[in-house]
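Peer 1: Structure provided below as structure tokens; questions to follow.
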Amino acid sequence: MSGAALGLEIVFVFFLALFLLHRYGDFKKQHRLVIIATLLAWYLCFLIVFILPLDVSTTIYNRCKLAVNSSPAESNGSYVTLAPSKQKCFKPWSYIPNGIMPIFWRVVYWTSQFLTWILLPFMQSYARSGGFSITGKIKTALIENAIYYGTYLLIFGAFLIYVAVNPNFNLQWNQLQTIGIAAANTWGLFLLVLLLGYGLVEIPRSHWNGAKRGYLLMKTYFKAAKLMTEKADAEENLEDIMEEVRKVSESIKYNHPLRKCVDTILKKCPTEYQERMGRNMDDYEDFDERQNSYPSEKNLVKLHKQVIYSVQRHRRTQVQWQILLEQAFYLEDVAKNETSATRQFVHTFHSQEPENKIIQYFYTPTVEWYWECLLRPWFYRVLAVVLATFSVIVVWSECTFFSTKPVLSLFAVFIQLAEKTYNYIYIEMACFLTIFFLSICVYSTVFRIRVFNYYYLASHHQTDAYSLLFSGMLFCRLTPPLCLNFLGLTHMDSTISHKNTQPTAYTSIMGSMRVLTFIADGFYIYYPMLVVILCIATYFSLGTRCLNLLGFQQFMGDSEMTSDLIDEGKELIKREKRKRQRQEEGENRRREWKERYGNRDDSTRNRVVHTDQKESSFSETTTNRPLSKYTRSNGRTERDRIELLQDAEPLDFNADSINDDPLELDSGR
């Protein structure tokens, strides 16, 4: 049973990482190495979060054994706080034997560091490269990462010189290793506090606002207006890039040495553009006999990179637009059904995807109405209050975890109370909930942030390779300092508790931070207090207001620009809704026509065709050709008229007013 818990968590975390990666990545289109590297990075980071509570309970049991087996003098000296009896010192259900956890943490930690500092940055440059060969992509990746690697070597060299010049230190391999770990954790802690301060406020607030139907609908309209602008920009950009590709394809003929590069670019283009641009095989004239200026291979590499980016962006905006439309339609349905007397949820449009029969059996329209219109808002409010309480506890503990006498960190108080009774289930649950909440606050911010169009995690398989690899880098850099911060909050780190007790296996791998006292006693203790300032700034939306002033439109209720975008998005949703209604009505009419007159129509058409054949054969044997020609055209006109009547669609009289300006109607209409 001792190793069963570890094995189960290893398997569970793997499928959790695989599920999340399948939601954001595309296993069919993206390179296998990108998928494997990102999956490994996410898996290792999630694994650290899930396994650390087992390390804490195992460490508490080992401390108990040492206290019991030690002499009274040793118990009063080294283990002052641990004086249990033999009856209280029992093995936890999830106990991991000695020697396993240090090896496990060493493999996990150094593998994640190798990924985040060496492999993933190289793969990022490789994935964004527009080279046509593996050698060319590797060369481009090495050149782009030369500055990147040089910067970190310079930082590491500065730490190394500081320790070497200080006469109090004798450089050894363990101390050198600790310096490298300290440098990586310092960078990670700097970013961790920024993301944590945002998540501690934004997560409870988003759930509280999730109970407001009007707020969600207005925000959806706002997103629709912004996404339509981005969608139009992506389409325009794709058209420009495809025009350049067409010119290059026409200038570089089949016998040009760079024609293979052009064919590679054409394969990355959408299908409709490939059909338009197809290879021009009619002109077999040698390329060197025509005095034209041909693009160089370097220009083709740049064009290849632009094609990959523009196609990915265009596909992503198209999918996001459809998802946003479904969300807007559903929120409008919820607003309409709130006043329903029948208490049954009625959808305006049927779901385009087939529903599961089991879910459809239990999740009836009545159950859906009670959940969406009554229970869900209250559930979100209660959840927001619980999350806000956790956030307050985290902020308080971040500001007071350095105090050991008295112990002010609430997480440390909870763990120490459970440690006295050796309630290992409670210890593991408290540790798991604490580190899980911290991870949610940090990781959810990583999933939400967007750095222009270079880094953006989009769900429904729309995230590009560069963003996936970048997220893996961030996770690997944020998780180790997150775990150290958690151990500091619970006083399981001897550097914080100032007790000569057995450290956790994770802390022993990190080494003693006493090698760099200004980091151990200064930065690691006082820098997390900045989370208070960041939480206040997030609560008053200072970052959102600054972005709004810089021209990046953000959703703000008291902004005039936000109101204009909401009105624009509302009109866009209305147009798309009318278009969807016309499409469904046309499909219903065609379906009814086929059900009623399908056989009769087929027989009518067969008779018309048979009559036409007779008339055409008769016209060939007669001399009155104008008459036969007129007869055939008349029959063809009748057939066209029948088909037009089948496909006809009614005019739209569902507009808000009769005096709508026709120029404002949808272009497709």
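Glycine is treated like the rest: Cβ placed from N, Cα and C.
Features from TrEMBL:
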- 224-251: coiled coil (COILED)
- 582-617: compositional bias 'Basic and acidic residues' (COMPBIAS)
- 618-634: compositional bias 'Polar residues' (COMPBIAS)
- 635-644: compositional bias 'Basic and acidic residues' (COMPBIAS)
- 658-669: compositional bias 'Acidic residues' (COMPBIAS)
- 576-669: region 'Disordered' (REGION)
- 6-21: transmembrane segment (TRANSMEM)
- 33-52: transmembrane segment (TRANSMEM)
- 103-126: transmembrane segment (TRANSMEM)
- 146-165: transmembrane segment (TRANSMEM)
- 177-201: transmembrane segment (TRANSMEM)
- 378-396: transmembrane segment (TRANSMEM)
- 425-446: transmembrane segment (TRANSMEM)
- 523-542: transmembrane segment (TRANSMEM)
Peer 1: Considering pairs 6 or more residues apart, do the transmembrane segment (523-542) and the transmembrane segment (177-201) have at least three CB pairs under 8 Å?
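Peer 2: Result for the transmembrane segment (523-542) with the transmembrane segment (177-201) is yes.
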Peer 1: Looking only at residues six or more beyond either end of the transmembrane segment (6-21), which have a C-beta under 8 A from one in the stretch?
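Peer 2: For the transmembrane segment (6-21), the nonlocal Cβ contacts are 35, 38-39, 42-43, 46-47, 50-51, 54, 94, 96, 100, 468.
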Peer 1: Pairs 6 or more apart in sequence, C-beta under 8 angstroms, 3 or more of them: is that satisfied by the transmembrane segment (425-446) and the transmembrane segment (177-201)?
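Peer 2: Taking Cβ pairs at least 6 residues apart, the transmembrane segment (177-201) and the transmembrane segment (425-446) are in contact, with 3 or more under 8 Å.
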Peer 1: What parts of the chain pack near the transmembrane segment (177-201), using Cβ distances under 8 Å and only residues at least 6 beyond its ends?
Peer 2: 113, 117, 155-156, 159-160, 163, 391, 394-395, 438, 440-442, 444-446, 474, 477-482, 484-485, 510-513, 515-516, 519, 523-524, 527-528, 530-531, 533-535, 537-539, 543
Peer 1: Which residues of the same chain, at least 6 past either end of the coiled coil (224-251), have a Cβ under 8 Å from a Cβ in it?
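Peer 2: Same-chain residues near the coiled coil (224-251) but 6 or more away: 262, 265-266, 269-270, 273, 276-277, 279-280, 292, 294-295, 300, 303, 306-307, 310-311, 313-314, 316-318, 320-321, 324-325, 328, 553, 565-566, 568-569, 572-573.
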